[in-house]
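Have a look at the structure below, then the notes.
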Number of protein chains: 2
Amino acid sequence: MSVADVSPLRLGIAGLGTVGIGVVKIVQAHADLLAVRAGRPVVITAVSARDRSKNRDADLSAYAWETDPVALAVREDVDVLVELIGGHEGAARSAIEAALSAGKDVVTANKALLAHHGQTLAEMAESLGRVIRFEAAVAGGIPVIKTLTEGLAGNRIRRVMGVMNGTCNYILTRMESAGLPYDTVFEEARALGYLEADPTLDVGGIDAGHKLAILAAIAFGTRVSFDDVVLEGIGRVSIDDIRRAGDMGYRIKLLGVAQMTGRGLEQRMMPCLVPAASPLGQLEGGTNMVVLEGDAVGQVVLRGAGAGEGPTASAVMGDVLDLARGLRIPTFGQPAESLAYAQPAAVSAPVAYYIRLELLDKPGALAKVATVLGEAGISISRLRQYGHADHSAPVLIVTHKTTPDAVDFALSAFAATGVVMGDAVAMRIEEV
Amino acid sequence: MSVADVSPLRLGIAGLGTVGIGVVKIVQAHADLLAVRAGRPVVITAVSARDRSKNRDADLSAYAWETDPVALAVREDVDVLVELIGGHEGAARSAIEAALSAGKDVVTANKALLAHHGQTLAEMAESLGRVIRFEAAVAGGIPVIKTLTEGLAGNRIRRVMGVMNGTCNYILTRMESAGLPYDTVFEEARALGYLEADPTLDVGGIDAGHKLAILAAIAFGTRVSFDDVVLEGIGRVSIDDIRRAGDMGYRIKLLGVAQMTGRGLEQRMMPCLVPAASPLGQLEGGTNMVVLEGDAVGQVVLRGAGAGEGPTASAVMGDVLDLARGLRIPTFGQPAESLAYAQPAAVSAPVAYYIRLELLDKPGALAKVATVLGEAGISISRLRQYGHADHSAPVLIVTHKTTPDAVDFALSAFAATGVVMGDAVAMRIEEV
């Protein structure tokens, strides 16, 4: 074994929030374990955060301190920048670019940065012979980037799906279990610190959309195209829909799907119904699940904690160990310049839909709704009209497979019937 | 990029059964995809099997043919031996040793070989600077070796569990769904070609035990010790137990568990009850599931096809791509000589048990059984006595947590009560 092999791998940790401190704890607690696994010591030489005086749950006294993450990134005694600042511009991006230029490799948990600038950063890293790894950016502790990029590298990937925002899943499962409306649970989640500073990142599906766009790039060998993700958050999911979907044997999840179709790359992140008894349907709270489908392997399903100090730090350390062991592969699993521009495809594959509407108590009302569906070319699989004391009654419809266009047509036409109160709700049913 | 980087990686495939042909198909169908992902072409130069004249589902005309896998292993134009012969002695072992000695890396799907000779082969490979990879040896298409060795390398692993023999799981789920006894379904499985030539490898839990022993070595940094796996097959699982367990909300699975305890390394592979609604309980047919628990990541669950041409070939190709990309880590994730000898620990952690017995229809019979349990220090969580037309009645007991010793004591004592017909059955209940 040469001397180069046993020199320590020296980390500079930029960002000392929950995840940064989690990484520090692992490096400190498992020094021997990491050294024997990596074949060399893994050490932290320097750290960086804005506020040095803040009380943190780890002893940082042995590490050099930089207030400026860019200064940290270019230090002589740092081999790998571990970027845990977050945000798709500003300090995080500057530090990563500085690190690459200074000949350092990068490990990051920054999904927003990769979703917005992944291509540019990957090209920069590869032109400089540097590596960027980002397991922690997608699905927390689940090693999904590694599974997709390496474990399933012999497959043409057909489809990638996932529940990848624990906060949304927490809100949806809590609404159901406590019977509380969205707004109430949203405020609970905020009080518990589960929401990002800008909560639309979570509940608007943006964070999950970033993750989906990154997975799609690796899966299909295409340039990250977050702007093409069809995004819909969970804000319009009502407690009524959660209850009614439950009656029909479904649960509502914020589910992402990316697949390469004959028309181009379809990427969507939206609330969907899934069978309550399915693995996705059973997913509780902050747990994430990712489904990968390859032409040789079939379906592989991964489940684990999607966030939190330990799980996210575990993912960061997996990347660190890979670098310590000398694994050097392109950011998205193939050279950045070989990644294709993907034609975005509209979401048009036919699926079954759940439709909920309030029917006015008039003779022939249900017949009018059925006529609209018939005109839209939608056939009904199951229909349930609920008893009512009021002047309107909830009607639930599970359709046979139909297209989003047909459903849009029906939703518009309902308004003209004069028997449907307010707006009807429609959601896709995904049989995973 | 240097010339060395773009030279092809040349495979020699030893063994042209289902998996070997699956590998050939992937290399042929995905040549471009593999080259862009690996950064170099991946090609097959030579193949080997006993019978050249056999009709195979792939065009092998472009490859050199060797009847002797050792001759294949040492060919000048082979960089990586892909060993798909199987068996823990004989041709497979000779070919791998010859390949390592000749400076080749090895990819194998051979769980028996690694369970029996993993330490010797790993030491040999490492002394020669060679790499052995074996993703396909455990849980088919699920990249569990990679996840454990690399993705979770920042964790101290606490426990590894898994349903890892698809044939056993097929038999158990088929017994339940068709209401058929073990012997009938066993013969069905044999007729369908699901069983190994020596079926005790499957139904005796040996194959699954091999896999567990390999996972334990990686998880705990210990030398593979298959002989210390407490093994029990599915042969004694009766249709009665499957039905009764179902009544109580459980399903029976051949579940492996490995954990490092204060007393040493516990490894067991035996039929257990798991909650019917749990992910393990819902596992159908040939699907495998592995549960990995790390101190930082918590629980990660992986599910996928445990066998078959495509899934197993996918795992082989993951390893091939790793080698093509230059990943070189020790066989068990740390140097073979650093692996500890593990003290085997008896299975003694307390769990809840399922006990089924036939109670004779005599006054005070149930009281006698309850007295035995009390004397054994076992407290009852749930008890159900079934109606009976005969002179005996089935009694099901779910205990609170208790030790295997206490259960063994009770099982022996039941015989002396004179009210229990035949042998009582006891199985662990695992809450995963």
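From the backbone N, Cα and C atoms, a Cβ is placed for every residue, glycine too.
What TrEMBL lists as active site, proton donor is B:K211. The NADPH binding site annotation in TrEMBL covers B:K111. The L-homoserine binding site feature in TrEMBL is assigned to B:E196. Residues annotated as domain 'ACT' in TrEMBL: B:354-428.
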CB contacts for B:E196 (L-homoserine binding site) [other CB atoms within 10 A, all chains]:
14
DSSP says B:K211 (active site, proton donor), in three-state terms, is helix
Secondary structure of B:K111 (NADPH binding site) (DSSP, helix/strand/coil)
helix
Summarise the domain 'ACT' (B:354-428) by DSSP state, stating how many residues are helix, strand and coil.
25 helix, 31 strand, 19 coil
Chain-internal residues, separated by at least six, CB under 8 A from B:K111 (NADPH binding site):
B:F134, B:A137, B:V138, B:D207, B:H210, B:K211, B:I214
Please report the three-state DSSP label of the residue listed as 'L-homoserine binding site'.
coil
